[in-house]
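Annotated domain 'Phosphofructokinase' per TrEMBL: B:4-279, in sequence order. According to TrEMBL, the ATP binding site annotation covers B:GLY12, B:ARG73, B:SER74, B:GLY103, B:ASN104, B:GLY105, B:THR106. Summarising the annotation, TrEMBL assigns ADP binding site to B:ARG22, B:ALA23, B:VAL24, B:VAL25, B:ARG26, B:ARG156, B:GLY187, B:ALA188, B:GLU189, B:ARG213, B:LYS215, B:THR216, B:SER217. The Mg(2+) binding site annotation in TrEMBL covers B:ASN104. The substrate binding site annotation in TrEMBL covers B:THR127, B:ILE128, B:ASP129, B:ARG164, B:MET171, B:GLY172, B:ARG173, B:GLU224, B:ARG248, B:HIS254, B:ILE255, B:GLN256, B:ARG257. The active site, proton acceptor annotation in TrEMBL covers B:ASP129.
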Number of protein chains: 4
Amino acid sequence: MMKRIAVFTSGGDAPGMNACIRAVVRTAVYHGIEVYGIMRGYSGMVKGEFVKLDSASVSNTIQKGGTILKSARSQSFQTREGRQLAFDQLVNHGIDGLVAIGGNGTFTGATLFEQEFGIPIVGAPGTIDNDLYGTDYTIGYDTAVNTALEAIDKIRDTADSHDRCFFVEVMGRDSGYIAIPCAIGGGAEIVMIPETQLSTEAVIETLRSGRNRSKTSFLVVIAEGDEEGNAHEVARQVKAAIPQLDTRVTVIGHIQRGGAPSAADRMLASQIGIAAVEGLMNGMHNVMAGIVDRKLVYTPFADTIHKRKLINQSFMRMVEILNA
Amino acid sequence: MMKRIAVFTSGGDAPGMNACIRAVVRTAVYHGIEVYGIMRGYSGMVKGEFVKLDSASVSNTIQKGGTILKSARSQSFQTREGRQLAFDQLVNHGIDGLVAIGGNGTFTGATLFEQEFGIPIVGAPGTIDNDLYGTDYTIGYDTAVNTALEAIDKIRDTADSHDRCFFVEVMGRDSGYIAIPCAIGGGAEIVMIPETQLSTEAVIETLRSGRNRSKTSFLVVIAEGDEEGNAHEVARQVKAAIPQLDTRVTVIGHIQRGGAPSAADRMLASQIGIAAVEGLMNGMHNVMAGIVDRKLVYTPFADTIHKRKLINQSFMRMVEILNA
Amino acid sequence: MMKRIAVFTSGGDAPGMNACIRAVVRTAVYHGIEVYGIMRGYSGMVKGEFVKLDSASVSNTIQKGGTILKSARSQSFQTREGRQLAFDQLVNHGIDGLVAIGGNGTFTGATLFEQEFGIPIVGAPGTIDNDLYGTDYTIGYDTAVNTALEAIDKIRDTADSHDRCFFVEVMGRDSGYIAIPCAIGGGAEIVMIPETQLSTEAVIETLRSGRNRSKTSFLVVIAEGDEEGNAHEVARQVKAAIPQLDTRVTVIGHIQRGGAPSAADRMLASQIGIAAVEGLMNGMHNVMAGIVDRKLVYTPFADTIHKRKLINQSFMRMVEILNA
Amino acid sequence: MMKRIAVFTSGGDAPGMNACIRAVVRTAVYHGIEVYGIMRGYSGMVKGEFVKLDSASVSNTIQKGGTILKSARSQSFQTREGRQLAFDQLVNHGIDGLVAIGGNGTFTGATLFEQEFGIPIVGAPGTIDNDLYGTDYTIGYDTAVNTALEAIDKIRDTADSHDRCFFVEVMGRDSGYIAIPCAIGGGAEIVMIPETQLSTEAVIETLRSGRNRSKTSFLVVIAEGDEEGNAHEVARQVKAAIPQLDTRVTVIGHIQRGGAPSAADRMLASQIGIAAVEGLMNGMHNVMAGIVDRKLVYTPFADTIHKRKLINQSFMRMVEILNA
């Protein structure tokens with residue numbers, strides 16, 4: 001039986017992490033379980049940066065971006081000695097179980113740690129990238145997309161006013177999850193994502209054909225991980241091919257990680273925070289809590305790490321139909 | 001085979017209606033179908049307010065609130081004579097099929113109209129209320145919730161600064177779909193929705209008990225349709241029972257209907273707009289296009305009108321756990 | 001010479017109060033002066049709710065709405081005995097000077113208090129209403145106007161979609177400072193403010209004439225303090241006179257007090273916070289720091305309380321020209 | 001006497017340009033003057049892209065970013081032949097006077113054009129940069145600052161969560177007008193602007209000293225025109241000097257030009273639009289309309305072009321006091 005648990009955030013921060021921490025804390029308190037926060041992820045676990053949390057500790061945090069528990073990389077935790085130190089800290093603080101909020105890097109560490117030391121860990125998918133198997137959406141994804149889309153709406157104003165072609169780079173090193181709704185919702189003519197093989201030549205062709213149909217302004221959304229290289233490089237090649245095109249580049253960047261979480265992210269983070277604690281109470285471990293088709297599911301870390309969540313292929317067709 | 005279709009919006013306007021109109025138009029054009037917009041819903045259908053639309057007509061509309069086709073009530077369409085006039089207008093304009101964007105009132109009219117005159121109609125769920133069977137979310141719902149939640153975040157600032165109890169009324173005459181995420185996401189202590197029987201006495205009890213635990217500011221979210229009456233009335237009764245409580249009321253009101261649609265609403269509206277046109281092409285009629293568990297489904301109007309989409313009961317428990 | 005000062009907020013909260021508190025604290029620290037925060041204004045002063053503040057206490061507060069020092073009414077401070085208690089608390093804490101952030105009520109109390117006990121007080125204009133003589137703008141005003149205007153933009157969407165006449169009530173019991181830019185910036189046809197004598201009859205006349213020119217949607221902005229009564233009452237009379245008009249009312253309400261302060265409010269609050277502390281250091285007292293024509297000025301409390309800051313009459317003409 | 005005027009936008013687009021166009025049109029109509037819009041600035045003037053405008057043409061544009069009249073460079077207008085063509089177009093359309101919305105490039109062209117052909121021109125300061133003599137604020141500046149500041153608020157979330165040092169580049173090739181309020185309002189530790197000689201060495205020193213005082217996250221705001229080079233270059237040098245610092249760069253970029261104008265920009269644009277038309281009516285020419293110390297002033301183009309509007313030196317001191 002769980003008497004005391006700890007929660008931490010790890011990897012890139014995501015809007016809604018605080019809402020998830022809050023849900024973990026309040027759920028633990030609700031069930032009479034003590035709860036600690038570990039500062040700076042595995043790094044703070046190794047160093048013993050533990051903070052006792054209660055209901056009041058998380059008051060007024062649900063709307064805050066970032067993570068009040070902070071996040072950091074830990075070289076030490078990647079060694080057996082470091083993980084031993086981390087485990088000793090948990091023992092010293094009487095921790096029975098862990099809630100790990102983060103992405104695949106976080107869960108990979110958790111898997112190894114649980115294997116070696118047997119401490120039960122339940123994960124919560126906290127990353128803006130949405131590329132985690134085992135949940136339809138990750139915490140932070142909806143907010144990041146809305147932030148990027150608001151930026152794109154503003155860029156559209158200036159693109160239209162100047163008859164320009166804008167290349168907008170959004171986050172997503174390995175997937176087009178952020179790029180796709182930005183392109184569809186932003187009315188982009190073209191979207192370049194890691195999952196497809198759209199060549200710069202094809203982009204140039206599409207822009208040429210648009211110009212022939214008298215289109216004067218264009219928006220190309222590019223996921224940062226596209227193999228054709230980043231927005232600056234694509235823009236350079238396009239400009240070389242169509243010199244009359246007035247090209248501009250915007251890299252939306254880190255603002256996608258911040259800001260108050262959207263309603264959907266607050267709901268998701270709250271549901272998953274509750275599920276993580278109640279999962280631990282019910283003997284779950286080595287799993288990530290997620291929501292699939294509006295139902296709560298627990299997926300083994302091994303699957304979240306190794307299985308690929310494929311992007312809906314129909315979305316590419318939507319861009320073709322809608323933004324022609 | 002469809003050669004020419006028409007699209008209209010009816011009922012209360014909702015953010016994303018323009019994104020849906022745009023998708024209908026672009027999809028029709030993509031498939032070589034002509035498309036007309038009918039102004040002011042059934043009213044304009046009766047009066048013959050038809051406008052030819054092409055791809056350019058809907059440029060730069062995806063991010064716009066409201067509906068470019070406008071919406072209005074029609075007394076005339078409620079009579080057999082009025083509907084005959086409407087049908088004659090459709091015949092005169094050579095319309096083979098209709099896309100009706102709206103809610104249950106819209107679909108009730110559509111059902112009768114199709115019965116009488118046999119014109120194929122596919123519906124799109126455009127309403128902020130989300131209380132439509134046959135789709136997980138309606139177009140406009142996500143935006144309305146985010147708008148209300150942003151307002152609530154602001155109210156929290158002033159509630160906390162003054163140690164006040166705020167009663168915030170959000171939209172939802174028949175359901176708590178908007179109120180629930182506002183309450184959970186806004187950190188409300190109490191939520192009153194039509195689906196539950198929470199009495200004002202129980203509200204008073206909860207507030208008293210909070211004050212005994214030294215809580216100083218409170219947020220009560222109330223759906224406009226709650227049987228206990230609207231926010232002003234509840235606040236009056238609470239104030240009578242706990243005179244020391246510094247109570248305030250805010251009715252968020254019509255701002256929930258406006259504003260640029262969220263990313264999720266733009267995606268949903270686009271998917272459904274495509275599905276509505278392709279549904280008509282495939283012989284669908286008398287059905288509403290919706291997304292259930294991320295899959296496209298067509299639901300008979302009779303079901304969208306008569307079946308109830310129940311609110312997830314676990315959400316009430318979330319308020320209890322998280323906002324204690 | 002000042003060795004230790006205290007700062008408090010009083011009256012209705014306003015966005016930017018925290019930015020001002022932060023500036024007071026950081027400026028004091030910069031000059032080697034100790035600084036305390038007094039919770040809940042005069043109420044906390046009487047009760048001795050003093051908190052030591054340093055640079056870190058105000059980290060990450062500049063963007064926060066509300067006031068971290070809270071605000072409250074104090075019956076006790078309105079009595080000579082209460083003020084004696086308050087002064088004793090200041091003496092006990094070794095306070096040499098006070099920064100009072102608030103409006104006219106705050107400064108009236110401060111004037112009396114300084115008269116009786118001789119403690120130097122410098123005021124900062126913290127109120128969304130902007131009706132304070134001695135400063136072009138008050139802290140919170142710019143944010144409140146932007147918040148109201150964003151709401152009005154959303155209402156415009158739905159007004160246009162339904163051919164409606166919206167009556168929107170904004171804050172401003174004694175002045176039209178908030179209503180005027182909302183009306184001009186929101187494209188309102190009519191604005192009703194306390195400073196003018198626009199009768200409901202005249203409003204009805206303007207609406208009638210607009211309808212005769214085929215205008216279909218209207219926006220009437222009403223300051224809450226207009227003598228013609230609030231928005232609901234005006235709407236009722238208009239509806240009685242023009243029954244065909246589809247009227248709706250929205251009272252924007254308390255959301256105008258919350259939210260992250262605008263850039264202009266952060267700048268203003270920061271400038272004034274610095275000026276208040278440096279004013280005290282230079283022997284200023286019984287004055288409010290303000291910015292007039294981009295220059296720092298100190299105005300005697302007596303003037304801020306008794307002199308009227310008149311609204312620019314040309315603004316009424318702007319509504320007439322622009323929104324005809 | 002003016003019977004027919006034309007309005008155009010030129011140079012980089014700025015939020016509020018549409019509000020200004022709208023004011024020009026409505027004011028002209030109010031005074032019984034006909035008004036044309038010229039598309040794409042001087043380029044459209046040369047080519048004869050003139051559009052008749054009336055009150056309805058500018059309905060629902062006050063809240064729109066960008067410029068409905070578009071903007072473009074014109075090689076042709078830089079030649080005497082091109083300007084002759086432009087003048088012929090004006091004569092052919094019976095234009096008696098021009099309102100030119102833009103910045104110094106626009107006014108330089110206007111000065112020459114008026115010299116050569118004698119057509120009266122009044123300018124409106126439409127540029128986000130605010131570096132125009134003759135007005136306290138330019139149209140678009142307030143919005144651009146708020147947009148950048150909202151982005152910075154989001155970046156603060158992630159900077160704090162990861163204990164990082166962020167270098168944020170905002171617009172302002174020749175001045176720190178945008179950078180200064182972003183730095184003060186965003187709580188930046190350091191601001192680098194063209195007007196000061198802050199060396200990268202000094203930045204490194206400040207960061208080192210902050211680290212010694214246990215500060216863990218930093219924000220450096222850089223105007224794009226700073227002589228030390230852009231944000232990427234500064235970050236590179238800082239990283240080389242303090243390798244332990246976790247540095248990140250964000251270039252806010254073109255989103256600063258878009259978006260709905262703030263309340264202040266709508267007011268300013270409206271005032272100036274009215275003043276430009278009434279200035280022409282009163283025989284003004286070769287001047288820019290501006291607001292200085294809340295009063296309308298007309299400044300000769302020669303002064304707006306050649307005089308420098310100096311940044312308030314006290315602002316640098318504010319950064320030092322507040323963000324230490």
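Along the chain as shown, residues are numbered 1 onward.
The backbone N, Cα and C atoms fix where each Cβ goes, glycine too.
B:ASP129 (substrate binding site) falls outside any helix or strand according to DSSP and counts as coil. Remark: B:ARG173 (substrate binding site) has B:ASP129, B:PRO194, B:ALA223, B:GLU224, B:GLY225 as non-local neighbours, by Cβ distance under 8 Å and separation of at least 6 in sequence.
Using a Cβ-Cβ cut-off of under 8 Å to chain A, the binding-site residues B:ARG22, B:SER74, B:GLY187 reduce to B:ARG22, B:GLY187. Using a cut-off of under 8 A between C-beta atoms, none of the binding-site residues B:ARG26, B:THR127, B:MET171, B:SER217 neighbours chain C.
B:ARG73 (ATP binding site) sits 15 Å from B:THR127 (substrate binding site), taking the CA atoms of both as reference points. Of all Cβ atoms in the protein chains displayed, 27 besides its own lie within 10 Å of the Cβ of B:THR106 (ATP binding site). Using Cα positions, the member of the binding-site residues B:THR127, B:LYS215, B:ARG248 nearest to B:GLY12 (ATP binding site) is identified as B:THR127.
Long-range neighbours of B:ARG257 (substrate binding site) (same chain, six or more residues apart, CB within less than 8 Å of its CB): B:GLY12, B:ASP13, B:ALA14, B:PRO15, B:GLY65, B:ILE128, B:GLY140, B:ALA144, B:MET171. Take the Cα of B:GLY105 (ATP binding site) and measure to each of the binding-site residues B:ARG26, B:GLU189, B:ILE255: the nearest one is B:ILE255.
Most Cβ neighbours within 10 Å among the binding-site residues B:SER74, B:ASN104, B:THR127, B:SER217: this distinction goes to B:THR127.
Neighbouring residues of the recorded ATP site, listed in sequence order and excluding B:GLY12, B:ARG73, B:SER74, B:GLY103, B:ASN104, B:GLY105, B:THR106, comprise B:SER10, B:GLY11, B:GLY41, B:SER71, B:GLY102, B:THR108, B:GLY109 (Cβ within 8 Å of the Cβ centroid).
Each of the binding-site residues B:ARG26, B:ARG73, B:LYS215, B:ARG248 was assessed for Cβ neighbours inside 10 Å, and the highest tally belongs to B:ARG26.
Residues belonging to the domain 'Phosphofructokinase' (B:4-279) score a mean pLDDT of 96 in the model.
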